[in-house]
């Protein structure tokens, strides 16, 4: 049979089906016109509380819905017939259309090819859109092994800050809202010394780089420098601190008050400071030693930071410019640089390397209070904020951050490991997360079987000299915790 006659026959067949389709719809519509009258007659013989007019209106509406469904059903049947006829025509070439067999033929090859192109395009677009910002919301497997080693319990109020001494013997220092600062044995968890010279909350503690001296800042509007001498006790076998309790158990103030009796009863106490720094008109929220330990810088709620000479206790410079209260200050480990953070959503970099010039640079990278900004051993600054982000900056080019970490909770006083270059983020939601300098999430510290903090985590500090307990955290649950963080060698090389 000629090809043209076959095509014309198929076309006539399709036209006839469309005619029969339209005729069937007309016949259906014509027969449906008599149906409402018949149904109304049937309704008259039935008992109903609805008025006849309302019943009649409902019947008309249901009839229209039924006709629409019938029309859709007929069109569906006609479309299926057309697909079957087209498949019969294309079966000789091994091709089918949608609705038939896609297991073989050219259409399957074309469809798979277009699908692979679309999936590849989506992957490329997704990678391009997410390469600039690193988010911690997505579930990631832990790349670090984190283990709780020791708990340091004895304060009667929340712990704001902690630090590890830079000279031997290595001890842990904590600053608490109970107006006291304590020194702890890292191995045994025993309190070695207590400083009670402040009349207000102790908000910060930092140790001298070469001598046995501590610098504390307080809500009594002063900063104190005091000397300490401690003797480490003999190490004790580690106790099993795990217990078979449910995860994320909340404890009330009454429950925590029971632990006050565990405070250090026989701990030696110092009540007089070697040097008292008085110049602020508000709470001194943080303080730190400049490189060399001959000067210190303090940050206050009076919107200023002060630079003091340690030997003479004299005020050398007053650093003004922040529009709201300061929240933190930090000094560079090897250069005369200071960074201050504030509630005005900015942090400022102060340069004292040239004695004749004291330059300052303002950085506006956050949308809420900058809770802390710290230097790293390299040329980086890491800032954390209440806007739930942490940003890594390059000191050589501070126009935009080189990495941004987005979290699900406000970030408090962060710390960066000098050797492994790991950022520890303490959060308001009781979590502590670890990231590398590229913003890649490494781990979250465990919070199960009563391990971890039960309230807001205020601060974190690294201990580079003790591999058994190399990270410390503290919070409003009145305790400090020592952790062992083990990072695989492959990640350290990256």
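Easy rule for this one: first residue shown is 1, then count along the chain.
In case you wondered, yes, glycine gets a Cβ from its N, Cα and C as well.
Feature annotation from TrEMBL assigns compositional bias 'Basic and acidic residues' to 32-42.
As annotated by TrEMBL, compositional bias 'Acidic residues' applies to 245-263.
Under the heading region 'Disordered', TrEMBL lists 1-42 (among others).
For 92-114 (among others), the entry in TrEMBL reads region 'Disordered'.
The region 'Disordered' annotation in TrEMBL covers 243-267 (among others).
As annotated by TrEMBL, repeat 'WD' applies to 195-226 (among others). Listed as Cβ neighbours of the repeat 'WD' (195-226) (distance under 8 Å, sequence separation of 6 or more from its ends, same chain) are residues 157, 160-167, 173-183, 269-278, 280-289, 291-293, 296, 298-300, 308, 310.
Beyond its flanks by at least six residues, the repeat 'WD' (277-318) meets 161, 200, 203-204, 206-211, 213, 215-219, 221-225, 324-336, 338, 340, 342, 350, 352, 358 of its own chain at Cβ-Cβ distances under 8 Å. Residues or ranges marked as repeat 'WD' in TrEMBL: 277-318 (among others).
Long-range contacts of the repeat 'WD' (319-360) within the same chain: residues 282, 285-291, 297-307, 366-375, 377, 381, 383, 385, 387, 395, 398, 413, 418, each at least 6 residues beyond the stretch ends and with a Cβ under 8 Å from a Cβ of the stretch. Annotation source TrEMBL lists repeat 'WD' at 319-360 (among others).
Summarising the annotation, TrEMBL assigns repeat 'WD' to 363-403 (among others). Sequence-distant contacts of the repeat 'WD' (363-403), counting only residues of its own chain at least 6 positions beyond either end whose CB sits under 8 Å from a CB of the stretch, comprise 134, 327-328, 330-334, 337, 339-343, 345-349, 409-416, 418, 421, 423, 425, 435, 437-439.
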